[in-house]
Structure formats: structure tokens, C-alpha cells
């Protein structure tokens with residue numbers, strides 16, 4: 001694996017595998033693919049991680065196609081093994097929603113299913129050997145576009161990109177705001193922030209504690225999307241880094257370590273998708289509660 005990239009030292013190899021394929025606007029006004037991490041950083045807000053965007057959208061399309069195919073082929077007869085597996089996933093997610101979400105919305109179950117399967121597929125990419133697809137990308141970049149193969153970056157695990165995880169968590173945050181205001185109204189939503197957790201009966205004390213309540217509740221409220229994003233990103237990034245470190249070891253040690261870690265990582269992959277889904281359901285359930 002790593003031994004094939006003779007020109008890269010171990011730190012360079014790690015940095016190369018943790019760098020995204022970035023397209024954006026340089027300080028001089030030109031648009032280009034970044035050839036180094038420093039160039040990507042200089043692009044600022046205009047930087048687009050093409051690999052993360054491509055894989056996340058592609059996996060989303062695969063998810064939709066698979067479920068569409070199963071839905072079209074579904075019948076009252078004996079289901080196929082694949083159809084049975086899909087039905088088990090749907091029943092599991094639907095049961096989780098029924099047990100956790102106590103409001104009335106037809107959106108929650110499809111949303112939870114989308115989150116769970118989509119994140120699971122993105123996480124699942126972490127089980128592909130770290131060099132396989134990046135080496136193909138480097139070969140194509142060098143032979144088709146004349147690029148330096150060491151400057152071709154191609155990460156394949158979208159959930160190790162904080163931009164992807166933060167984007168998903170911000171989408172959930174928007175839904176939390178929507179449900180909170182829809183169920184409680186603007187006044188009720190603001191009142192919930194201003195009058196909790198301290199709500200004494202004395203009107204003077206109540207007024208004095210409003211700033212304290214607002215600070216505490218706003219910090220808690222705004223921490224939800226951040227914690228959602230960082231929890232998923234941190235766990236998947238750490239898992240990918242361990243695979244990269246294993247790839248730096250001699251070939252005979254790689255298999256002895258990578259196989260047990262991959263088996264354990266299957267649990268991490270599934271658990272992180274489940275946690276993100278369940279926290280989303282819990283947050284939306286809290287937003288839908290009327291006090």
C-alpha cells in the first residue's frame with residue numbers, strides 16, 4: 001500500500017490521504033483544483049470538496065435507486081432476501097420513530113430512514129482499502145490530465161469531511177426551528193427559551209433571570225447541530241486515520257491488524273448512523289412538544 005508511493009514520507013502520505021480534492025477561487029482570482037493543502041486553504045469560502053460532494057450525492061442516488069427498485073418489485077408473495085433486508089431496515093426505523101417521536105408528522109419516518117441509510121452508506125466507504133480508489137484517481141489524473149499524481153487528492157469517505165456532517169446537522173437544525181415555531185408559535189418558542197430552566201413565581205425574579213435563561217438555552221440549542229456534526233465527523237475521521245496508519249506498516253502486519261479493526265469498525269459505522277438518526281428524532285420530538 002504505502003510502500004508503493006516511494007516519493008512520499010509517512011507524514012506526507014498521511015497528509016495526502018486526509019486532504020480533499022478541492023476546487024475553488026485562488027487569491028489572484030483564478031479558479032482551479034488545489035495542488036496542495038495550502039492552496040486549498042487559501043481558497044477560503046469558495047473551496048468546494050469535489051470528492052465529498054460527489055460521493056455523498058452518488059451514494060444518495062444509489063440509496064434512492066435501491067429502495068425504488070425494491071418498492072417496484074414488492075409483492076405479496078415470497079420476498080427476495082434483499083427485499084427482506086430492506087423491509088427489516090424500514091421496520092426498524094419506523095419502530096424507532098414510533099417509540100421516540102410523539103408528535104404528528106408524516107415527514108419524520110422518511111427523514112429518519114434517509115438519514116440512517118445515507119450516513120451508513122457514507123460510513124461504509126471507510127471499509128474500502130485506503131489506497132485503492134485514490135491510486136486509480138492518481139493514475140487517471142496523471143495519464144488523462146497530465147497532473148502530478150502526488151497532487152491528486154481523492155477522499156472517499158464523505159462523513160470524514162466536517163463540511164458534509166455540518167451540512168447535514170444544519171439541515172436538521174432548520175427542521176428543529178420549523179417544528180418549534182409551527183407547534184408553539186414565535187412567542188411560545190421565545191418564551192420557552194426565556195423562561196427555562198429557571199422560572200420562579202416571583203415576577204421580579206422571573207424578569208431578572210430571563211437573560212440567564214436565554215444564555216443557557218441558546219447555548220444548549222445551538223450546541224445541538226454542532227455536537228451532531230462533530231460526533232459523526234470525529235468518530236469516522238479517527239477510524240479512517242487508524243486505517244491509514246495501518247497502511248504504513250509492513251504488508252504482513254497490515255492484514256493482521258486491518259481485518260480485526262475492520263470488523264470492529266462495522267459496529268462503529270452502524271452505531272454512528274443510528275446515533276445521528278436517533279438524536280434527530282429526539283430533537284424533533286422535543287421541538288414538537290407543546291408546553
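Each residue, glycine too, has its Cβ placed from N, Cα and C.
On a predicted model such as this, the values are computed, not experimentally measured, just so you know.
Swiss-Prot assigns the feature transmembrane segment to residues 108-128, out of the candidate ranges 108-128, 129-149.
In Swiss-Prot, the annotation transmembrane segment applies to 50-70, one of the ranges 50-70, 71-91. When Swiss-Prot is compared with the stretches 161-181, 182-202, the one noted as transmembrane segment is 161-181.
A contact links the transmembrane segment (108-128) to the transmembrane segment (262-282), because at least 3 Cβ pairs that are 6 or more residues apart lie under 8 A.
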